[in-house]
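Chemist: To start, I am sharing the structure in question, which I have written as structure tokens.
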Amino acid sequence: MSNVEIGLASIAVILVLIQTGMHVAIALMAVSFVGVILVKGKFAIAGALLSQAALDSVARYSFGVIPLFVLMGVLVGASGLGRDLFDVAGQLFRKFRGGLGIATVFANAIFAAVNGTSIASASVFTKVAVPELIRQGYTPRFSVGVVAGSSVLGMLIPPSLLLILYGILAEVSIGDLFKAGILPGIVLAVLFSVAIILMARFASGFTGVSNRLDTASIATSEMLLKSAPVVALILLVLGGIYGGFFTPTEAGGVGALGAFLVAQFKGRLGWREIGRILIETGQVTASITFLIIAAHMYSRLLALTGLPNAMTDLLATWNLGLTGILVLYLIVIILLGTILDSASILLILLPLILPVVEPFGINLVWFGIVTIIAVEIGLLTPPLGVACFVIKSNLDDDRIGLSDIFAGAAPFALIMVVMIAIVMIAPWLALALI
Amino acid sequence: ETFSFTVVAGHPPITKGVANIRDFFIPEVNRRLEEQGKHSIEWTEAYAGSVADVKGVLEAVETGIAEFGYVPHLFEGDKLPLEQITYVTPFGTSDLPALLKVITKLHEQIPEMDAAWAKNNQKLLAPVGIDDYQFVTNFEIKSPADIEGHKIGTGGLALNWLTGSGATPVAGALTTYYNSISTGLIDGAIVFESAIAPYKFYEVAPYITKIGFGAKYSSALTINLDVWNSLPDDVKSVITEVAAEYRDKTADAYYTAGSTSLDKASAEGATISSLSPEMRTAYADNMPNIARNWADKLDSQGQPGSKTLETFMQLSNEAGLEFARDWTAE
Amino acid sequence: MTAELRVASPSAAQRILTTIALVLAILGGLGTVAIMAMINLDVIGRGAFSTPLPATAEIVSASIVSIVFLQLPYATASGRAVRSDMVIGRIMARSPRAALLMDAMNHLVGTIMLAVLLRYIWPEIESAIADRETVGLYGVFTLPRWPFVLAVLAGCVMTCVVYAMLTVNLFRAAFQTERHP
Ligand code: NA
Ligand code: NA
């Protein structure tokens, strides 16, 4: 078997192993180990690749703050801030059909402004929104789907760990990328909302029918009171970043402390509760980061097989124009997104594609936004969809299976494809604010 | 015989040292081997951290994951302490090609330097450096006193260059400085010249003050030692020859890029000025002797710190490379 | 579908293991608090007193792996490992024994892979300690690396043990399902 064939075979094996219910990280590790033995012919080298990836691959500042962004999310959830935000949003959109779905999207878009990872968004809103959505008559499938779908806003609307990673790899200003993510993030949220209204009207079998009559009306003053802490947190994080007090990466640390103080202020945290929050944060951080580590092992194997290089060489022989290359590139990202995590896709593909597209003189900030939206589709697609996994691991409800979450998220993944097309046709969406 | 080799870098090929591996070293080795007609190499290239992160390349080559690596040894102070020599001796030459020739000679005279690479199971093929470091700020610097009280972005051992200056060093990297300056987190940064234009620092920090911290020896192209020892002599000699040319070509590329970058910044409206030699000397003299501190610490660990420092300064003198301060002086 | 739910009465040994895993997870949680404190001290020190905390970025970067490995055993024991349970759930409905056996095999592979990781990470950890490697910025501010790698080692060992424990439980459950369908 040639190395490239080993690379191709490894993809098939991973798909099968994941289907058997093997822990995804273990499947990725096992395939990487065997794959490197086949490519390099030595156990010791395969072992070295595993241990090095385990020790080094997430040893970056931008990964180091993952637990803090998760902690912030858990704190916002535990202190009831997420619930308040959701209540206020529910109130704002109660006149619409599918109003609580729109409220979930809206609240997620706001929450995205204080957190840098979709993991945190998905964690918080699984706890906050899913039970309420189901209680109001939406189907479980739609309830988890709307949370999964809107969680992608967490990494499109700044701050964003993915945009930071892209900025490092493509050597583009992270500040520019952040500003470029704002409008597409808002447009995507609006698209999601429109889709929810349409689905609630024309596909009520999928969404369920909301019996929203029992939603108590909230007075304006109470709405202001309820949204004040979240607004304060957003002001702290965004004001700190754009006021020059800390970097987007450091925002994880400051935001977590801010969320802790707000939670204390609301009088919700005893020692026992703090312990529970730390354990909860640890469980989400550990399972997701270990998965990311294993995905790095696998992406390193793929790079060693030369499969990505072979694919780019093939691409070069086809003499496609810029549009052709971009479309193929985006398709490859979406396909890789089914089996790899977001960071690994960027690490594998960017070094290969950048030299190909740079001669066309494209704007790398715009390219970054298009790339990130495509990469984020992978959060929602089976078999490896991190956002869906996060929802599953946060959901204390065995009646909702992973397949329900993927099915519920599918319409939102499709809308993201539309969103990519929109940003490609209208690059100013990404570039207007720079 | 056909060899199958992997070359890895943690940096993307935008980095000239990596670009020249891809565009010069590999094709040139292939060409010469083809001329010989006896051996060939099939290369797998994995850059930008796709196999090893910037801090993982040394180990990837050590363990045999990759046969060749672009090792930024400035992150490997623990394992390769002697290679840090140019970072502890600021205010040297801006002539990178000449500096790297001195570095090659230094390795010949201090066997412990190659021994440290060998301990990490690899052989140094070509030293790689970066061009002169300057201040890029959003305020004017007429004398070193002007940076007092300002926050200056810098990284790694270069953080030490601000000791005694009255400025606050803020750890950062090339990719973060622009944003940090525009938000006011920092008032400027210490960066090498060739980075100024690509990162458009002049847009947020229009004052470029040439202080001349000096060109630096920062990275290296290496090969796994077991692999090296197993290679036939004619392949070894091709690799050695091409590596030497790669060293010079890459050094020239950085050196030229430095002045091109400054020209572009100037054309875009940046104000470029130079500190006088007296001011530069005064700044250097005001620093603690970080070179001696470094050497003494290594001496105490049984490493030839002082010997490396003294030999380096002497070789530099012989090559006509001047320092604003004699770092060997107590 | 997770193994730990199927253990009606965990043995004393299993309770001890779970407690050790919990203690490691709490240490990991304290590590998270520590890096939060570091970042805030750095931000405040830099902004208000012009004295940043040295090497914050480097130390935070180095901490994440330790924190993750400290928290991994408990997350694994609590069935939080990321997986797809569609197929196994369907098999469970038809033949619980087959599903349990399949799950046991999966956990066995987990045990083996963690053992493999342990086998190859061990020399690296040993040399990091023996060579007195550091974390931080060489020549500016450094901490010894051994506490960081020791945390990884402890987490790796315990995760392996937890996987082994779950494997045994699942095989046992599969066995009992057969005897008492
Ligand atoms: Na965000
Ligand atoms: Na996916």
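Just so it is clear, glycine is given a Cβ too, placed from its N, Cα and C backbone atoms.
Unlike curated entries, TrEMBL annotations are predicted automatically.
The domain 'TRAP C4-dicarboxylate transport system permease DctM subunit' annotation in TrEMBL covers A:12-429. If you look up TrEMBL, you'll see A:6-39, A:60-82, A:102-130, A:142-169, A:181-202, A:223-242, A:248-265, A:277-298, A:318-336, A:343-360, A:366-391, A:412-433 marked as transmembrane segment.
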Chemist: Would the transmembrane segment (A:6-39) count as touching the transmembrane segment (A:366-391), i.e. at least 3 C-beta pairs under 8 angstroms with sequence separation of 6+?
Modeler: yes
Chemist: Sort out the residues at least 6 away from either end of the transmembrane segment (A:318-336), same chain, that have Cβ-Cβ distances under 8 Å to it, and list them.
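Modeler: 311, 345, 348-349, 353, 356-357, 360, 362, 370-371, 374-375, 377-378, 381, 417, 420, 424.
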Chemist: Can you name the far-off residues of the same chain, 6+ from the ends of the transmembrane segment (A:181-202), with a Cβ under 8 Å from a Cβ of it?
Modeler: 96-98, 101-102, 105-106, 108-109, 112, 142, 146, 149-150, 152-153, 156-158, 160, 163, 210, 369, 372-373, 411-412, 415-416, 418-419, 422-423, 429-430, 432-433
Chemist: Suppose you look only at the domain 'TRAP C4-dicarboxylate transport system permease DctM subunit' (A:12-429); what would the mean pLDDT be?
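Modeler: The average pLDDT of the model in the domain 'TRAP C4-dicarboxylate transport system permease DctM subunit' (A:12-429) works out to 86.
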Chemist: Below 8 angstroms Cβ to Cβ, which residues of this chain, lying six or more residues outside the transmembrane segment (A:343-360), approach it?
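Modeler: Tertiary neighbours of the transmembrane segment (A:343-360) are 162, 165-166, 169-170, 292, 295-296, 298-299, 302-303, 308-309, 311-312, 315-316, 322, 325-326, 329, 332-333, 336-337, 367, 371, 375, 378.
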Chemist: Considering pairs 6 or more residues apart, do the transmembrane segment (A:248-265) and the transmembrane segment (A:6-39) have at least three CB pairs under 8 Å?
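Modeler: Contact absent: fewer than 3 Cβ pairs fall under 8 Å.
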Chemist: Honestly, do the transmembrane segment (A:6-39) and the transmembrane segment (A:412-433) touch, with at least three Cβ pairs under 8 Å and pairs 6 or more apart in sequence?
Modeler: no
Chemist: Checking distant contacts: for the transmembrane segment (A:412-433), what same-chain residues at least six beyond its ends satisfy Cβ-Cβ under 8 A?
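Modeler: Sequence-distant neighbours of the transmembrane segment (A:412-433): 145-146, 148-150, 152, 179-184, 187-188, 191-192, 195, 326, 330, 334, 363, 365-366, 369-370, 373-374, 376-377, 380-381.
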